[in-house]
Amino acid sequence: MNNLRKTHPLIKIVNHSFIDLPTPSNISSWWNFGSLLGLCLIIQILTGLFLAMHYTSDTSTAFSSVAHICRDVNYGWLIRYMHANGASLFFMCIFLHIGRGLYYGSYTQTETWNIGVVLLFTVMATAFVGYVLPWGQMSFWGATVITNLLSAIPYIGTTLVEWIWGGFSVDKATLTRFFAFHFILPFVIAALAVIHLLFLHETGSNNPSGLNSDPDKIPFHPYYSVKDLVGFFMTILVLLTLVLFTPDLLGDPDNYTPANPLSTPPHIKPEWYFLFAYAILRSIPNKLGGVLALVASILILILVPLLHTSYQRGLAFRPLTQMLFWILVTDLLTLTWIGGQPVEQPFIIIGQLASILYFLLITTLIPLTGLLENDLLKW
């Protein structure tokens, strides 16, 4: 068996990725989120598959098919709420995973990082089209508002929006194609995740010290496989607590009203995990400018490796940049809060200041502080 593990063409790949993989001996629980994202993806694909067996992607029956899943299908309510809250958990893990990468300088592995940014865009697209499927008020109006943003693209905008809609408004054709996209994209995510791992295993994992860990590696199994299992159980506990006690905590009550094109909800807002980007979009009083800022708020992650100025990889021994990092985290939380507030003062000005600070920190303040710390090292 031992020999088969190392010689069999298929088992050999698994062995090199999850069993005999040389791993730094000092990686903390912040390194658990990669495997937790894999767990989230598996949960989402499985629950999504069972939901798709009962869901109908037609405007006249979509809303009632979701109600039917919750009322009549065996444990349908459990599957539906695990899928809905699983998405929130997915994004929670993504944000912590990216935060870890920023803090410990994992972005210096540029291929892995860039594939990660592509993964983030794909997951965001999947979540967006998925939110439209229950065909409630917020589903319909969210789809209308967000797809409408593309009309800001000069010359081709209007044509592009009508092409995506499959008509002159969000309707039956839109819902059907969004269901198709929502079904296929998770498999694209799975493929990208494999490439993400492929590039990661070319260089090996980073570690909290940011130093080369080649002299001190241990096998992934049993050490980190068991450590990952602990993370799995804790995460499943959090998910089940959310699903069984407060399943609607993170949802919008408006989505329990069937979609009605003739009645606009008082506050159109996306799910909590998009609120920071939504706040940046709304902070610019120009449509095209807002769309560009929205895309830039995520795309800016591509620039992070290029803006690394410090002699040190992570922030473990850089107190000044550490302070700026936590200001960035606070700023993102502020943007998330603002995204859920109505467009009125003082929220408008707070959102604009938080948006400016967000871009300023990443592009200017953190790189300059890195240079300052380099000089301080020479004292």
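Heads up, the Cβ atoms here are built off N, Cα and C, so glycines get one too.
The structure displayed is predicted, hence computed values, not measured ones.
DSSP gives HIS83 (heme b b562 binding site) a helix state. Its Cβ taken as reference, HIS83 (heme b b562 binding site) is surrounded by 21 other Cβ atoms within 10 Å in the chains shown. Annotation comment: Swiss-Prot describes HIS83, HIS182 as heme b b562 binding site.
Taken residue by residue with DSSP, HIS97 (heme b b566 binding site) is part of a helix. Other Cβ atoms within 10 Å of the Cβ of HIS97 (heme b b566 binding site), summed over all protein chains shown, number 20. Residues or ranges marked as heme b b566 binding site by Swiss-Prot: HIS97, HIS196.
Annotated ubiquinone binding site per Swiss-Prot: HIS201, in sequence order. Secondary structure from DSSP puts HIS201 (ubiquinone binding site) in a helix.
What Swiss-Prot records for 33-53 (among others) is transmembrane segment. Through the fold, the transmembrane segment (33-53) approaches residues 69, 79-80, 82-83, 86-87, 89-90, 93-94, 96-97, 100, 182-183, 186-187, 189-190, 193, 228, 231-232, 235-236, 239 of its own chain, all at least 6 residues removed from its boundaries and within a Cβ separation under 8 Å.
For 77-98 (among others), the entry in Swiss-Prot reads transmembrane segment, with the evidence type similarity to another entry.
Beyond the ends of the transmembrane segment (113-133), by six or more residues, the same chain brings 55, 57, 62, 66, 87, 90-91, 94, 98, 101, 106-107, 139-140, 142-143, 146, 170, 174-175, 178-179, 181-182, 185-186, 188-189, 192-193, 195-196, 199, 270-271, 273-274, 298-299, 301-302, 304-305 to within a C-beta distance below 8 angstroms of the stretch. Feature annotation from Swiss-Prot assigns transmembrane segment to 113-133 (among others); the stated evidence is similarity to another entry.
Look at Swiss-Prot and you will find 178-198 (among others) tagged as transmembrane segment, backed by similarity to another entry.
Look at Swiss-Prot and you will find 226-246 (among others) tagged as transmembrane segment.
The annotation transmembrane segment is assigned in Swiss-Prot to 288-308 (among others). Sequence-distant contacts of the transmembrane segment (288-308) (same chain, six or more residues past either end, CB-CB distance under 8 Å): 98, 102, 105, 107-108, 110, 113-114, 117, 120-121, 124, 149-150, 152-154, 276-278, 280-282, 355, 358-359, 362-363, 366-367, 370.
Feature annotation from Swiss-Prot assigns transmembrane segment to 320-340 (among others). Remote same-chain residues near the transmembrane segment (320-340) are listed as 99, 102-103, 269-270, 272, 274-280, 282, 310, 347, 350-351, 354-355, 357-358, 361-362, 365-366, 369-370, 372-373 (criterion: CB distance under 8 Å, separation of at least six residues from the stretch ends).
Summarising the annotation, Swiss-Prot assigns transmembrane segment to 347-367 (among others). Listed by sequence, the residues of this chain that lie at least six past the ends of the transmembrane segment (347-367) yet keep a Cβ under 8 A from its Cβ atoms are 279-280, 282-284, 293, 296-297, 300, 303-304, 307-309, 321, 324-325, 327-328, 331-332, 334-335, 338-339, 341.
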So which residues does the transmembrane segment (226-246) touch in its own chain, when a touch means Cβ under 8 Å and the partner is 6 or more beyond its ends?
29, 32, 35-36, 39-40, 43, 78, 81-82, 85-86, 88-89, 93
Counting Cβ neighbours within 10 Å across all chains shown, tell me which of the binding-site residues HIS196, HIS201 comes out on top.
HIS196
Check the Cα distances from HIS83 (heme b b562 binding site) to each of the binding-site residues HIS97, HIS196, HIS201 and keep only the ones within 10 Å.
none
Between HIS201 (ubiquinone binding site) and HIS97 (heme b b566 binding site), find the distance joining the two CA atoms and give it rounded to the nearest Å.
17
Could you give the Cα-Cα distance between HIS97 (heme b b566 binding site) and HIS182 (heme b b562 binding site), in whole Å?
23
Write down the Cα-Cα distance for HIS182 (heme b b562 binding site) and HIS196 (heme b b566 binding site), rounded and given in Å.
21
